[in-house]
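What TrEMBL annotates here:
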{"type": "TRANSMEM", "residues": "39-57", "note": "transmembrane segment"}
{"type": "TRANSMEM", "residues": "69-88", "note": "transmembrane segment"}
{"type": "TRANSMEM", "residues": "94-117", "note": "transmembrane segment"}
{"type": "TRANSMEM", "residues": "137-160", "note": "transmembrane segment"}
{"type": "TRANSMEM", "residues": "199-222", "note": "transmembrane segment"}
{"type": "TRANSMEM", "residues": "289-311", "note": "transmembrane segment"}
{"type": "TRANSMEM", "residues": "323-341", "note": "transmembrane segment"}
{"type": "TRANSMEM", "residues": "347-365", "note": "transmembrane segment"}
{"type": "TRANSMEM", "residues": "386-404", "note": "transmembrane segment"}
{"type": "TRANSMEM", "residues": "410-429", "note": "transmembrane segment"}
{"type": "REGION", "residues": "437-458", "note": "region 'Disordered'"}
{"type": "COMPBIAS", "residues": "444-458", "note": "compositional bias 'Basic and acidic residues'"}
Amino acid sequence: MERNLKNVLVISFGFLLLFTAYGGLQSLQSSLNSEEGLGVASLSVLYAALILSSMFLPPILIKKLGCKWTIAISMCCYIAFSLGNFYASWYTLIPTSVILGLGGAPLWSAKCTYLTIAGTSYAEKAGKNAKDIINQYFGVFFLVFQSSGIWGNLISSLILSQSSTKVNISEEDLACCGAYNCLTDTTNTTGSAKPANSLIYTLLGVYTASGVLAVLLVIIFLDQIKSDQAETEKEKLEAPSFWSTFLATFRHLKDKRQCLLIPLTMYSGFEQGFLSGDYTKVYVTCALGIQYVGYVMICFAAVNSLCSLLFGKISQFTGRKLLFALATVTNMACIIALLLWKPHPKHLAVFFVFPALWGLADAVWQTQTNGLYGILFEKHKEAAFANYRLWESLGFVIAFGYSTKLQAYIKLYILLSVLVLSMVTYGVVEYLEAKSSPGTPTATKKENGGPHSQETHM
């Protein structure tokens, strides 16, 4: 096998193993560690740490350690989070969430740098276009990586469904599920249906082992990039200091279009935060039990992956405006339906319809918003995508931050308000673009990659 392709596959399967564990664990946080909102608080802290690390850590670590060892060490930060869940408390989960957040940005940056260098190196040897090879390598990576959401959630559901104590949820308890959930009722089914510690430890053991395998795979099989190959990339990484990156990010806010895109970018964090932090807890766990969370999130991950691929291809024919309209209508319909629906075990299919539709809409938000940033800010991509990471992560922080303080219906109204505001400000951006370049087509091509995936699958 060609050496560069072997390295791409090593990184791809390393990330698959790592995010099989992290993805499954993130989906369960609000249900597994529901006491005093510990689970969602840890996720909020995690994304806050990610914002900080993305501004200064990646260039420093990649320059000092190289891509291979930056990836390996950053992966260890994810394992620390799995270990913190064994004895979940404010003293274990919050510090390990900070560690994971700090490791997240260097991990994704080192991966992008490695694949870019590997693609360029092979293209030079084979006399091919570097851009084409790099795109192929990223395509292989995401083809393998995207399935992590399915495997991680499948593992959790298969293990947690082994529970011998099947809890019959009373009608009185079911009244506390859904949009008008009982915030004060901590002894509701969310607590009483918690699986036995032995099952939780088994699950965490499998997740930790998956993370350790990922690290070993990278250390043993991933080639270190030769110094002469990495020289050019290192030169690029030497320039930005923390303050220059920080200032460039906020200087970019002078662009009116960037300011107008803030609500849309934050909405991406809000809607993903609601699904993994609130829908899984107050609808699925409350009415069906924690063992169903994994199956529901598999439905979301599968539809999201398929639609990301589909929308990336058809966007050149439909244009991005039509796809944004589809996502808006789909999300609005889901939000209104969630406000009206009283979850009940008899409505089993409905629990899967919502994440499927949510996955369809999320695929548009991710592929098209990334593409929009790439097209609008072609000359200032680094500052633009730094803003993308910043505002989407802030959306996650806020969504997880107020998760335990407000009832679900209030969060749904907030979600609806931000969505409406996003579409109004996005419409202004499209109007400004049409006005400045009346003859230019606005159809966007897919730019499904690094900046979004860091936050979505982090």
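The backbone N, Cα and C atoms fix where each Cβ goes, and this holds for glycine too.
Worth saying up front: this structure is predicted, and the values here are computed from it rather than measured.
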Give me the stretch from 39-57, 137-160, 199-222, 289-311 with the greatest number of Cβ pairs under 8 Å to the transmembrane segment (94-117).
39-57
Intrachain neighbours beyond the transmembrane segment (386-404), with Cβ under 8 angstroms and 6 or more residues off its ends:
30, 36-37, 40-41, 43-44, 47-48, 50-51, 54-55, 105, 183, 245, 248-249, 252-253, 258, 262, 265-270, 272-274, 277-278, 369-370, 373, 411, 451-452, 454-455
Near the transmembrane segment (289-311), which same-chain residues lie under 8 Å Cβ to Cβ, leaving out any that are not at least 6 residues past its ends?
23-24, 27-28, 31-32, 146-147, 149-150, 152-158, 160-161, 163, 167, 169, 189-190, 193-195, 275-276, 279-280, 323, 351-352, 355-356, 358-360, 362-364, 366-368, 446, 448
Should anything in the same chain at least six residues away from the transmembrane segment (347-365) have a Cβ under 8 Å from its Cβ atoms, list it; otherwise answer none.
264, 267-268, 271-272, 275, 279, 283-284, 287-288, 292, 295-297, 299-308, 310-311, 323-324, 326-328, 330-331, 333-334, 337-338, 341, 456
